[in-house]
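Pulled from TrEMBL:
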- LYS124, GLN187, GLY219, ASP250, LYS393: UTP binding site (BINDING)
- HIS220: substrate binding site (BINDING)
Amino acid sequence: FIEDFSKAMSQAGTSQFQEVIRQELEYSMKVELDKILATAPSNELEHTKKDLEGFKKLFHRFLQEKGPSVDWGKIQRPPEDSIQPYEKIKARGLPDNIASVLNKLVVVKLNGGLGTSMGCKGPKSLIGVRNENTFLDLTVQQIEHLNKSYNTDVPLVLMNSFNTDDDTKKILQKYSHSRVKIYTFNQSRYPRINKETLLPIAKDVSYSGENTECWYPPGHGDIYASFYNSGLLDNLIGEGKEYIFVSNIDNLGATVDLYILNHLMNPPNGKRCEFVMEVTNKTRADVKGGTLTQYENKLRLVEIAQVPKAHVDEFKSVSKFKIFNTNNLWIALSAIKRLQEKNAIDMEIIVNPKTLDGGLNVIQLETAVGAAIKSFENSLGINVPRSRFLPVKTTSDLLLVMSNLYSLNAGSLTMSEKREFPTVPLVKLGSSFTKVQDYLRRFESIPDMLELDHLTVSGDVTFGKNVSLKGTVIIIANHGDRIDIPAGALLENKIVSGNLRILDH
């Protein structure tokens with residue numbers, strides 16, 4: 001008994017001690033944030049105050065939660081009817097009054113990211129993807145086509161970050177005559193914190209010059225608070241809008257789907273879903289993608305970062321967790337408003353460690369938009385075709401979407417009918433191709449890839465005009481060597497190595 005008692009006492013002592021440290025950290029953070037707020041000019045005061053309040057809430061939760069936030073034993077497969085096959089949704093057809101349904105929709109694109117991973121300055125959405133068109137151009141063309149075809153008024157809303165807002169707004173003037181109303185609002189701006197001291201590295205509110213590294217946009221889970229705070233959410237509800245379709249601006253497969261929209265507006269059982277997540281079947285390339293599970297009687301998105309280390313391999317298995325989140329989401333506006341006002345949107349915190357240029361280790365606290373699924377009523381997953389997930393994260397992805405594998409029509413890319421099987425080839429371009437400008441310099445024209453299964457390119461390689469690639473093609477230039485694939489070459493199941501020796505694969 002005495003042993004148990006002293007154990008309990010020491011545990012209580014530990015938790016009391018932890019609580020004291022927590023309170024001290026929160027107090028120190030509050031002092032630092034107040035100092036930062038005091039440097040805000042009067043025209044930015046209100047806005048900065050909202051941002052720092054939001055950050056304080058997130059920091060509070062970060063100090064409360066420890067370790068992966070899911071209890072692995074509670075994870076269950078979702079019930080059959082909670083993830084519907086797209087075919088079933090599509091089989092219902094479309095009503096005659098599809099225009100009136102479309103008029104209830106708002107398209108939201110997540111536009112906070114920079115093109116740095118592809119060696120570009122400025123917003124990623126302004127990178128040329130196809131025939132000189134940028135991600136943003138294609139998005140506007142898609143919605144304009146919808147509005148013209150159905151005589152509707154579907155607006156486009158861009159969620160920018162402080163990194164992308166100025167450049168994006170300058171570009172928007174070019175669409176002033178298009179048939180799409182475009183609105184923007186900004187993600188919050190949160191301070192990065194020193195990994196050792198857990199205090200902000202910013203000393204004042206400015207975010208230019210040497211201060212740019214002090215601040216970050218806190219992930220796309222921030223959409224709920226910043227959309228609400230911007231006043232735009234209320235305006236759109238006032239205009240009679242009911243649902244938003246949210247997706248990443250670099251996912252070229254995320255076009256407005258009328259069948260899913262109809263399913264939301266006219267549910268077969270009369271009970272509307274507040275939240276729909278499009279999922280698609282995993283391939284070997286998607287093992288890290290978040291998956292939908294059943295957890296405490298709710299649909300829940302589980303990301304790899306939340307999985308206890310011992311279960312990571314199980315999480316990645318394609319047989320147990322067959323689907324992953326595409327981040328194409330359909331959400332009821334009234335539900336966002338209700339939950340935001342009750343402060344009832346619960347999203348797991350993602351702790352993202354970074355090392356700054358000077359070598360300082362910082363962490364940034366983020367959330368993911370899909371993680372809120374468990375806070376909404378009557379949520380649903382829809383298992384959509386892979387074609388609705390076509391993200392461009394690297395120049396290898398860019399090569400696919402620029403090639404003749406896809407045809408472009410009214411801003412939408414569709415797989416060419418000439419390709420015999422609907423899967424996309426596996427393309428791996430080496431580090432000489434990482435930056436967009438290097439990649440463009442190495443292709444005189446984009447090769448014919450209709451019959452390609454697999455392409456690996458490594459080292460100093462260039463492609464002449466009108467090259468055809470078929471089957472499995474592996475091109476490896478050793479260090480110091482250079483390989484120039486001649487114009488008009490046909491490579492079918494070939495390994496090219498060293499100094500342009502062409503071998504049969």
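Glycine is treated like the rest: Cβ placed from N, Cα and C.
Positions of TrEMBL features highlighted on the structure.
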residue: LYS124; record: UTP binding site; Cβ neighbours (10 Å): 24
residue: GLN187; record: UTP binding site; Cβ neighbours (10 Å): 28
residue: GLY219; record: UTP binding site; Cβ neighbours (10 Å): 23
residue: HIS220; record: substrate binding site; Cβ neighbours (10 Å): 23
residue: ASP250; record: UTP binding site; Cβ neighbours (10 Å): 22
residue: LYS393; record: UTP binding site; Cβ neighbours (10 Å): 14
Return the member of GLN187, ASP250, LYS393 nearest to the residue listed as 'substrate binding site' in space, with distance defined Cα to Cα and candidates limited to these binding-site residues. GLN187
Taking the residues LYS124, GLN187, GLY219, ASP250, LYS393, which the record names as binding UTP, find the longest CA to CA distance and state it in Å to the nearest whole number. 21
